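Engineer: Just dropping this structure here.
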Amino acid sequence: MPPTAAPAATLTSRSPVTGEVLAEYPTAGAAEVAQAVSAGRQAAAWWAQLSPKQRRDALLRWKRELVTGAEALAAVINAETGKPLGGAMLEIMLAVEHLDWAARNAHKTLRRRKVASGLLAANQLGLLEYVPLGVVGVIGPWNYPVYTPLGSISYALAAGNAVVFKPSEYTPGVGRWLAEAWARACPQPVLQTVVGDGATGAALASSDVDKVAFTGSAATARKVMAACAERLTPVVIEGGGKDALIVAADADIDAAATAAVFGGLGNAGQTCAGVERVYVEAPVYDRFLEAVKAKLPAVRPGDGPDAAYGPMTMPSQVDVVRRHVTDALERGAFAVAGGPESIRAPYIDPIVLAEVDEESVAMTEETFGPTLTVNKVRDLDEALQRANHSRYGLAGSIFTKDKQRGLALAQRLRTGAASINSVLGFAAIPALPFGGLGDSGFGRIHGADGLREFSRAKAVTWQRYRAPIDLMRFDPSPRAVRTALWLFRMRHGRGH
Ligand code: NAD
C-alpha cells in the first residue's frame, strides 16, 4: 500500500521550551526510503558474512562512540525533547548497557545447536539456528529517543541484520546523531537513518524491509500493521501503557510513594511504562497519600539544572492531559495536588488525583503527562482486578514486604513485566525481555527473546545413517511397519 500522503520537503525541529528552530532536515519520501532499504540490503549481506567476533567488535566500537559522545548526544536529546540533561544521560547509560549485552550475547544465543532427535528420528542429527532476517525497519517515538529505538536497533544489529531507522519527527537530530556515530564505527551503512514525519514512517512500513519494529501509540501501530499486511511483513509492536502500581498494607509506604512519584512524574509522565494508576489497600491509603503529597514540593518542572522534569515535548499532549484531569474532576475525583491550573504549557506541575472514577478517561486512556491517579481498594484481589481492567498491558509494580505475595501478584498481573518494590526494575536488566499485550503491543525486544525477535528460526537435519525402521518411503518393509506400530502403542497408548 503506498503511503497516504507525501512528506513535506523539509522537517523543522523546534525546542519544546521556546519554540525556536533547532534545525531543518530534508525529509525522506518513498523513493529515498526505498534507496536506503536497498543500500541496507547490500550492507546486510556484508554484515551477515562477518564472523560473530567482527560483528561484536563493530557494535562495541559503536558503543564507544555513544559513550565518548554521551554529553553531545545528551545535549541533542535535551534540545529536542526538553528533558533535563541528567535524564538524557540516564537514558544513554541504559541504552549502552543493552547494546553491550546484545553485542556480547548474540552469538551464544543464536548460534547453531543440537536438539534431541527423539526415538523416531534417532538416525537424524537435529540442528537449530537463528539466522538474520535481512533489513529491519525501526520506527521510533520521541519520549526516550535513544533508549527506546536502541531496544530494537541494538538487538536487530547484533542478530546480524541491517537497520533503517525512522526517528520521531520530534527527535530527528538524535536519529541523525546515532547513524553518524555508526558511520564512524563501521565502514558500511548497516545502520541508516531516514528523517521525516508519519509519511516517511508509512513509506518504511510499506517498503521491502523484512520486519518492522514499531514503537509508538496503538493508533499508529494499527496503521503500521495495515501497511505491513500488504507484503506480510512481520511486525513487533511496542505500544503505550496505563501501568498500575499496587500498594499492599504491609508495604514500605515511603518507598512506595517515592516510586509512585518518580514513576508517574519522571520525564513529565511521558514514559510508556510510567505509573499512571495507583491502587492502595484501605488501611494505608491515607498514609500513602500524605507521603506522596510530602514529596511533591521538591518536584518541579523547568529547563534549569534543578528541574525534576522538563516540558511536554509534544504540544498537543497538553490538551490530552487537560481533558483527562477535567473529566476526572467532573466525575467526582478530588485533587490531592494540582489541578487544571497546574497546566501552564509547555510545563505541567504535578497533578495527583484521588478517588477517580474507574471509567473516566484518566483511568482508561494513556495520559502521558505528570499526573497520578490514586484509588483505595478493599484488598489486593480488588487491586489486581482493577489493575488488569485495561486494554493496555505493558508493565506494573507491586509494593509488599511479603515476597511470595509479591511474586503471586506479579504472575497474575496481565502485563509483559512486573517490578516488585520498585518501578521500571526491568529496564536496566538487559537479559529480561520487554513488551506488552493488548494495546501495548506484542513481540519482545531486549534479552535473548529480543535477539530471536530479529531472527528466523532455522531447522536443519543431517541424516547420520539409514533409519532402522524406515517409514519415509513408499515401500516400507512389513516388519518395519509392525515394529513402528508396536513402539507407537507402547510409547503413547498407556495414558501417561
Ligand atoms: P506515535 O504513534 O505518534 O509515533 C510513533 C512513530 O510513528 C513516529 O516516528 C511517527 O512519525 C511514526 N508514524 C506516524 N504515523 C505513521 C504511519 N502512518 N506509518 C508509520 N509510521 C508512522 O507515537 P509518539 O507520540 O512518537 O510516541 C509516544 C507513544 O509511544 C506513547 O503511546 C508511548 O507509550 C509509546 N511508547 C512505547 C514504548 C514501548 O517500548 N512500549 C516506548 C516508548 C514510547
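Glycine residues also receive a Cβ, built from the backbone N, Cα and C atoms like all the rest.
Okay, these came from TrEMBL:
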{"type": "DOMAIN", "residues": "10-460", "note": "domain 'Aldehyde dehydrogenase'"}
{"type": "ACT_SITE", "residues": "GLU238", "note": "active site"}
{"type": "ACT_SITE", "residues": "CYS272", "note": "active site"}
Engineer: Same chain only, sequence gap of 6 or more: which residues have a CB within under 8 Å of the CB of CYS272 (active site)?
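Structural biologist: Listed in sequence order, they are PRO141, ASN143, THR148, THR215, GLU238, GLY239, GLY240, GLY241, LEU394, SER440.
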Engineer: Over the span of the domain 'Aldehyde dehydrogenase' (10-460), how high is the average pLDDT in this prediction?
Structural biologist: 98
Engineer: Count the other Cβ atoms sitting within 10 Å of the Cβ of GLU238 (active site), across every protein chain shown.
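Structural biologist: GLU238 (active site) is surrounded by 30 other Cβ atoms within 10 Å.
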Engineer: Under a three-state reading of DSSP, tell me whether GLU238 (active site) is helix, strand or coil.
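Structural biologist: Where GLU238 (active site) sits, the three-state DSSP reduction gives strand.
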